[in-house]
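According to Swiss-Prot, the protein has these features:
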INTRAMEM  118-134  intramembrane segment
MOD_RES   SER358  phosphoserine
MOD_RES   SER374  phosphoserine
MOD_RES   SER376  phosphoserine
MOTIF     131-136  motif 'Selectivity filter'
TOPO_DOM  1-67  topological domain 'Cytoplasmic'
TOPO_DOM  95-117  topological domain 'Extracellular'
TOPO_DOM  135-143  topological domain 'Extracellular'
TOPO_DOM  172-419  topological domain 'Cytoplasmic'
TRANSMEM  68-94  transmembrane segment
TRANSMEM  144-171  transmembrane segment
Amino acid sequence: MSYYGSSYRIVNVDSKYPGYPPEHAIAEKRRARRRLLHKDGSCNVYFKHIFGEWGSYMVDIFTTLVDTKWRHMFVIFSLSYILSWLIFGSIFWLIAFHHGDLLSDPDITPCVDNVHSFTAAFLFSLETQTTIGYGYRCVTEECSVAVLTVILQSILSCIINTFIIGAALAKMATARKRAQTIRFSYFALIGMRDGKLCLMWRIGDFRPNHVVEGTVRAQLLRYSEDSEGRMTMAFKDLKLVNDQIILVTPVTIVHEIDHESPLYALDRKAVAKDNFEILVTFIYTGDSTGTSHQSRSSYIPREILWGHRFHDVLEVKRKYYKVNCLQFEGSVEVYAPFCSAKQLDWKDQQLNNLEKTSPARGSCNSDTNTRRRSFSAVAVVSSCENPEETVLSPQDECKEMPYQKALLTLNRISMESQM
């Protein structure tokens with residue numbers, strides 16, 4: 001069982017790398033990395049000692065109610081009604097007490113009929129705000145203060161209903177629930193694609209009503225620590241091949257690791273040891289509501305598999321296309337050099353220069369059949385891992401011409417065979 005579990009068995013083509021290097025696990029234990037984004041898209045950020053925290057929440061009370069949790073929402077919903085009933089019930093009881101209605105004197109016309117205790121005043125307040133109207137208790141024309149209190153309670157009840165019910169409906173229709181149906185692959189992969197080293201991950205929408213259009217964005221967040229122990233974070237955008245997508249079927253997002261990529265100089269070992277996080281966001285519009293949504297996820301080095309590619313999930317049938325969701329997370333090991341994209345470009349440039357200079361050295365062609373050697377992908381990998389090689393003399397270079405030609409041919413065939 002490998003470091004990533006039994007579902008992702010690691011197989012390399014070079015015997016000196018029997019599995020993922022142990023420094024991958026050692027580096028992970030050495031540093032307790034805390035990610036900025038969890039896999040579900042929630043931010044791992046805690047704010048403390050915010051200036052004017054409660055004041056800012058109360059100014060935008062509607063957004064505060066929408067963002068709060070459902071259990072807190074239920075408590076606020078219940079307390080808003082119960083407290084308003086108690087407050088206005090107390091006011092009606094004070095009016096009755098001041099007017100002498102609690103004495104039950106038949107010569108006194110009460111402000112509110114049949115209110116002779118606090119319980120009766122509370123029930124009258126509840127009936128007024130909820131417009132139940134049993135008819136046993138009612139306000140009279142004797143006290144203008146009681147009439148004004150009924151008017152204020154009716155207005156306040158409309159305001160409470162607007163905020164509480166509106167916030168509850170907005171919370172149920174929030175975009176976060178729709179974002180949970182957008183799924184990112186748990187692992188990101190690095191492998192060869194069209195002859196280039198690429199970083200890939202997969203996005204899928206598993207609802208019947210698919211998104212209309214969407215934009216994918218990726219950023220590399222690198223953590224660094226200065227001499228004083230202060231942590232700094234630097235963001236850099238990753239250029240994507242397919243950033244504008246229609247998510248009808250699962251799509252593999254591709255980032256070519258070229259000279260503009262922050263991963264350009266990182267080989268397999270460097271990726272395992274580095275301290276970075278890849279933040280991916282998907283902003284899209286739903287076809288059922290027409291509202292904008294956003295889904296997020298992230299990948300850290302231990303969630304990046306080197307030398308893998310995703311399984312195909314799309315099957316072509318006679319009348320429709322079939323998506324096999326069981327293969328969404330599946331990947332298979334493929335050939336990928338252990339060196340960085342920078343070293344690959346350097347080696348490709350050297351081989352291209354060798355091809356250009358080979359016609360001018362016809363004396364070397366007569367010696368092509370004298371030396372026959374077997375080549376494998378290990379030779380390509382080994383040559384990529386040592387970009388700084390000694391310069392050969394013209395005589396030795398002529399002798400190595402068959403080897404270099406075979407190496408060039410094998411390198412291109414190996415890359416094309418993965419497509």
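Cβ atoms here come from the backbone N, Cα and C positions, even for glycine.
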Sequence-remote partners of the topological domain 'Extracellular' (95-117) [C-beta within less than 8 Å, at least six residues beyond its ends]: 124, 136-140, 142-143, 145-146, 149
Within the topological domain 'Extracellular' (135-143), residues counted as helix, strand or coil by DSSP: 0 helix, 1 strand, 8 coil
Intrachain neighbours beyond the motif 'Selectivity filter' (131-136), with Cβ under 8 angstroms and 6 or more residues off its ends: 113-114
DSSP-assigned states of the topological domain 'Extracellular' (95-117) in counts, ordered helix, strand, coil: 8 helix, 1 strand, 14 coil
